[in-house]
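Summarising the annotation, Swiss-Prot assigns ATP binding site to Ala413, Gly453, Thr454, Gly455, Lys456, Thr457, Leu458 and lists similarity to another entry as the type of evidence. Taken from Swiss-Prot, the feature compositional bias 'Basic and acidic residues' applies to 288-299. If you look up Swiss-Prot, you'll see 322-331 marked as compositional bias 'Polar residues'. The N6-acetyllysine feature in Swiss-Prot is assigned to Lys348. Per Swiss-Prot, region 'Disordered' is recorded for 279-383.
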Amino acid sequence: METSSSMSVETTRSVQVDEWQKNYCVVTSSICTPKQKADAYRALLLHIQYAYANSEISQVFATNLFKRYTEKYSAIIDSDNVVTGLNNYAESIFALAGSRQADSNKWQSGLSIDNVFKMSCVQEMMQAGKKFEESLLEPADASVVLCKEPTAFEVPQLSVCGGSEDADILSSSGHDTDKTQAIPGSSLRCSPFQSARLPKETNTTKTCLTSSTSLGESATAAFHMTPLFGNTEKDTQSFPKTSTGLNMFLSNLSCVPSGCENPQERKAFNDSDIIDILSNPTLNKAPSKTEDRGRREDNSLPTFKTAKEQLWVDQKKKGHQSQHTSKSSNGVMKKSLGAGRSRGIFGKFVPPVSNKQDGSEQHAKKHKSSRAGSAEPAHLTDDCLKNVEPRMVELIMNEIMDHGPPVHWDDIAGVEFAKATIKEIVVWPMMRPDIFTGLRGPPKGILLFGPPGTGKTLIGKCIASQSGATFFSISASSLTSKWVGEGEKMVRALFAVARCQQPAVIFIDEIDSLLSQRGDGEHESSRRIKTEFLVQLDGATTSSEDRILVVGATNRPQEIDEAARRRLVKRLYIPLPEASARKQIVGNLMSKEQCCLSDEETDLVVQQSDGFSGADMTQLCREASLGPIRSLHAADIATISPDQVRPIAYIDFENAFKTVRPTVSPKDLELYENWNETFGCGK
C-alpha cells in the first residue's frame with residue numbers, strides 16, 4: 001500500500017511539473033498571443049497556491065512567486081498595446097467614446113424611382129387616381145364650388161418626383177382653378193413628372209350634406225371611401241375621420257429625386273422636406289365639419305412626426321418649443337380615453353384612472369421650483385452641464401455632495417505614514433497646482449483599505465477639507481436605478497458636476513461593491529455602470545488637467561477588479577491604531593466628559609485594548625461613560641442634577657471591557673497584510 005501511494009504521489013508531482021513547464025514555455029514564448037499568456041499566468045498562480053496549500057513550498061517563496069506572476073499578469077491585462085496586451089475594456093470604451101458616422105458617401109441604395117413605378121400597388125394607385133379625377137367632373141357626385149373660397153375639405157393629391165436637376169422640389173401649394181383646391185400635403189409636388197393622384201371615392205352612396213350657406217361658407221360633402229388594399233369598413237364611417245387619416249398620411253410622404261440614392265443626400269432632402277412641412281401651419285390642421293356644430297376633437301390633432309423628424313425639430317428649434325406647441329394645437333383638447341385621445345408628440349398622457357392627488361402634486365412641484373429660484377440657473381449655465389438632466393444635477397447637489405463640518409489632520413489618530421503620503425501626493429498638489437505639474441501632478445485615484453473602523457472615511461473628508469476641494473460622498477446604491485441607462489447617466493452627471501466644482505474629491509465608501517470583479521453571472525446594468533465609471537475616471541475623453549480625485553475605501557480589497565485597481569494608483573493600508581493612537585483617542589474622548597483617570601490608569605486601558613479599532617475604542621469609552629449612570633438608583637435619575645453624577649473612573653472601563661470586544665480577527669489582519677505586501681504602496 002505504501003508503495004502504491006508513493007507511486008501516485010510521484011505521478012501527481014510529475015504531472016504538475018509537466019504542466020508548470022508547459023505554461024512557463026507559453027509565457028516565455030514570442031509566438032503566443034496575449035490571451036494564451038494570460039491563461040498561462042493564471043494557471044501558474046493556481047499551481048503556486050496549490051503547492052503552498054500542500055506545504056510543498058514556504059510562505060516567503062510562495063509570496064514572492066505570487067507577487068511576480070501577478071504583476072506580469074496585470075501588465076498583460078491592463079496593457080493598451082494590441083500586440084502585448086488584452087486591453088480588457090477597449091471594446092466598451094470605444095463604443096462609448098466613438099462618434100464616427102455610420103453612413104458612407106459611397107453606399108448606394110438598391111431602391112430607385114424606376115423600381116417604385118414598376119410596383120403593382122403603385123400602378124393601381126395611379127389608375128385609381130385617374131378614375132377619381134374623372135369622377136370629380138361628374139355633376140351628380142357632389143356639389144362642388146369652383147374658383148371660389150376654399151371648401152371645408154380639399155382633394156388629396158400625391159405627386160411623384162422624378163430626376164431633373166431643374167425640378168422645382170417642394171414648391172408652394174397652389175390652387176387648381178379647374179378643379180377643387182388641393183388639401184395640405186398636396187404642396188409636395190415636382191414638375192417634371194406627371195402627378196399620380198391618390199385614389200378618390202368611386203361610390204357616392206351618401207351625397208351632399210348641404211345646408212343653407214351664408215356669405216363665406218361653402219357646402220360640404222361626405223363620401224364613401226373604397227379601400228385599395230382589401231380593408232373593408234362600415235358605410236356609416238364619417239368623412240372627417242377619413243380625411244384626417246389621409247392628411248396624416250400625406251404629411252409624411254416625401255418626394256425623392258432619382259439621383260438621391262445616396263443616404264446622406266437623401267437625408268438632406270428629407271430635412272428640407274421637414275422644413276417645408278413645419279413652415280406651413282396649415283399642414284397641422286385637419287378639415288372641420290360645419291361651423292355651427294363646433295370643432296371636433298379629432299380635428300385638433302397635431303400632425304404625426306417620425307422619430308427622425310422629432311429629433312430634427314428638437315435640435316433646430318430648441319428654445320422655441322412653447323411657441324411651436326401653441327401654433328400646432330387648435331383649441332383646447334379634452335381629457336378622454338380611447339382612439340379620440342391625442343397621440344401626437346404634443347399630446348398629454350391621460351391615465352385610465354383619475355388621480356385625485358394631481359392638484360396637490362402640481363402645487364408641490366410649483367412650490368419646489370419657486371423655492372429653488374435662482375439657485376438652479378446658477379449651475380445649469382455651465383457648458384459642462386448642458387447635456388446633463390437638471391434633476392440629476394439637483395440630486396447630486398442635494399444628496400451626494402457632502403456639506404458636513406471641516407475635518408483636520410489632528411482629528412485622525414495614528415496612521416502617520418498614510419497622512420504624510422496623502423499630504424505629499426494629494427493635498428499639496430491641489431493647493432499649489434502651479435508647482436505640481438507634469439510628473440508631480442496628483443494621481444487620479446487612491447484606495448484606502450484596511451479593517452473597518454480605522455478612519456478611512458474620516459481621511460477622505462480630511463482630504464477635501466484641507467485641500468479646499470468639493471467633497472462628493474457616494475455609494476453603490478446612489479448610482480443604481482431600476483430604469484435602464486439611469487445608472488450610467490448618474491455617473492456622467494457626477495463627473496460633470498465635479499468638473500464644474502474643481503478641485504473635487506469623490507469619495508466612494510465600500511468601493512468593492514461598485515467596482516467588483518467581473519464574472520459570467522454579472523448583471524448587464526452593473527457592468528455598464530462599472531465601465532462608465534472607469535471611462536470617466538481614466539479614459540479616452542478625460543483630460544490630464546482635471547483636478548478630480550477619486551478616493552475609494554474598502555475592507556475587502558481582494559474583490560476589486562484588476563482594471564479598477566490599476567486606476568487607483570496609490571493603495572494605502574490603514575491598519576489598526578497603535579498604542580499611542582489609542583491613547584490619543586481615549587484622551588480626546590475623555591476630555592469632553594468628567595473623568596478622573598490618571599496616566600497610569602490610562603496606560604492600563606490602552607494596554608488592555610490591544611487589537612481594538614478606532615470604532616471599538618469609541619464604543620469602549622461610550623460604554624464606560626454609562627457606568628456612573630448605572631450606579632445610580634432608578635428613583636434618583638428623575639431628581640438628580642448633572643453636577644451630582646460622579647466622574648468616570650477606571651472601574652467603569654473594567655466593566656466596559658466585559659461587554660466590548662474587538663471586531664477584527666487576527667485572520668482578517670493577516671489577509672490585509674498579505675494584500676498590502678502584494679499590491680499595497682505603503683510600509
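For all residues, glycine too, the Cβ spot is worked out from N, Cα and C.
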Would you list, in sequence order, the residues of this chain other than Ala413, Gly453, Thr454, Gly455, Lys456, Thr457, Leu458 that have their CB within 8 A of the centroid of the site's CB atoms, where the site is the one recorded for ATP?
Ile412, Val415, Ile459, Ile574, Ser613, Gly614, Ala615
Return one of helix, strand or coil for Gly455 (ATP binding site), based on DSSP.
coil
Relative to the Cβ position of Lys456 (ATP binding site), how many further Cβ atoms are located within 10 Å?
25
If you draw a 10 Å sphere around the Cβ of Ala413 (ATP binding site), how many other Cβ atoms fall inside it, taking every protein chain shown into account?
22
Quick check: in three-state DSSP terms, what is Ala413 (ATP binding site)?
coil
